Amino acid sequence: MGVAGKHFPPHVDPNSAASHNAAPRPDAEARDGRDERVRKESWFGHLLNRPEFAAISGAVLVFLVFALTAGGSGMFNLDGVMNWSQVSAYLGILAVGACLLMIAGEFDLSIGSMIGFAGMMVAIPSVYFHWPISLSILFAFAGSMLLGALNGYLVMRTRLPSFIVTLAFLFILRGLTLALSIMFADRTIVSGVGDLAQQDWLANTLFHGVALNGLFTMLAHHGIGTLLDNGHALVPGIPKVILWWFGLAAICAFVLAKTRAGNWILAVGGDANAAKNVGIPVRRVKILLFVLTAFCSCLFAVLQVCDIGSAAADRGLQKEFEAIIAAVIGGTLLTGGYGSVVGACFGALIFGVVQIGITYTNVSSDWFRVFLGVMLLIAVLFNHYVRRRVSQS
């Protein structure tokens, strides 16, 4: 028999000191401020649980490797930094959209084809129908985002895997791009866009060329950077694609980490049915994320067309896989519900550094794809380990 309302182990006197040591009093817990069942996690364990940890560690390792193998080759000079930063920025724009969509539990395999299609939506109206290029750019964004909404609507309406629906759009958009370019231009490459972008105030300000040209020229005159014989700096400024990447990544990272919409994205990817039961608009969230990936693809295309000066039907080949790889290297799970925009950006940075950095070494560039595949496999295994560790704890 015991005291009413309390249960004690057998053969233990409730008034003994041992009983007081065996069971902490509630008032002691209140004074301490913590429940004894809550285990304190080490700082390294907390760091390991961050989705971007593997990507940041991988980026540090990649930089160390190239610092040792290509440190004196100019890779880390100002022009070298701009080279691999620009490659990383183009992929980073795609990786941001792909990352958020994957966190929500969906895929978009039409990203690459959307790049080629959006490029033609800019080039054909402006070159052959003499539209103002700023109007062509707005037309391309509107068309791309409408197609992204259609992608999302079909996935939600039919309940087919997004892999299948967007794979179909991959072929549809690639075929349309090729057919329209032949129909209107009689070739697969449409040139002359660069001059039009330079002459248009809106396109030139937002998408064409570089920013901070005057600052970089001044720095070159003061010995920071290389000054050419014509008085211009070798690196004329920061490519605008880098600024777009930073801005887009900052906004999306803030939305994912600090807003209710970010919580919705994580909840939808974790368990869509549970999210729907608590009132989260699952359908709207996913459709808007498909629109975001289409926007990112069109932004990539517009920046590329204005920079290179032409559109081509084969642009964007395999970019959908590169974007997914960057997101996975950045800690995004293929099953959804877990990931980081910052990690995806570091995944894109690794991609750009390796792709350009390998040309500064004596290693054949043919090994780049091998390295990319190895990095993907390591990232997936590491993410699986971390996920299992978190679930066990």
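Just so it is clear, glycine is given a Cβ too, placed from its N, Cα and C backbone atoms.
What TrEMBL records for 1-35 is region 'Disordered'. The feature compositional bias 'Basic and acidic residues' is assigned by TrEMBL to 26-35. Residues annotated as transmembrane segment in TrEMBL: 53-75, 87-104, 111-131, 137-156, 163-185, 205-229, 241-257, 287-312, 324-355, 367-386.
Sequence-distant contacts of the transmembrane segment (324-355) (same chain, at least 6 residues past either end, Cβ-Cβ under 8 Å): 50-56, 58-59, 62-63, 66, 84-89, 91-92, 94-96, 98-100, 102-107, 245, 249, 252-253, 256, 266-271, 368, 371-372, 375-376, 379-380, 383, 387. When Cβ-Cβ distances below 8 Å are used as the criterion, the transmembrane segment (287-312) is approached by residues 90, 93-94, 96-98, 100-101, 104, 106, 108, 111-112, 114-120, 122-124, 137, 140-141, 144-145, 147-149, 151-153, 155-156, 181, 188-195, 197, 203, 207-209, 239-241, 244, 248, 265, 319 of the same chain, each at least six residues removed from its ends. The transmembrane segment (111-131) and the transmembrane segment (241-257) are not in contact, since fewer than 3 Cβ pairs between them lie under 8 Å (pairs 6 or more apart in sequence). Long-range contacts of the transmembrane segment (137-156) within the same chain: residues 106, 108, 110, 114, 117-119, 121-122, 125, 131, 162, 165-166, 169, 173, 202-203, 207, 283, 286-295, 297-299, 301-302, each at least 6 residues beyond the stretch ends and with a Cβ under 8 Å from a Cβ of the stretch.
Nonlocal intrachain contacts for the transmembrane segment (87-104), taken as residues 6+ away from its ends with a CB within less than 8 angstroms of a stretch CB, comprise 111, 239, 241-242, 244-245, 248-249, 252, 256, 265-266, 268-269, 285-286, 289-290, 292-293, 295-297, 299-300, 303-304, 319-320, 322-324, 326-327, 330, 332-334, 336-341, 343-345, 347-349, 351-353, 355-356.
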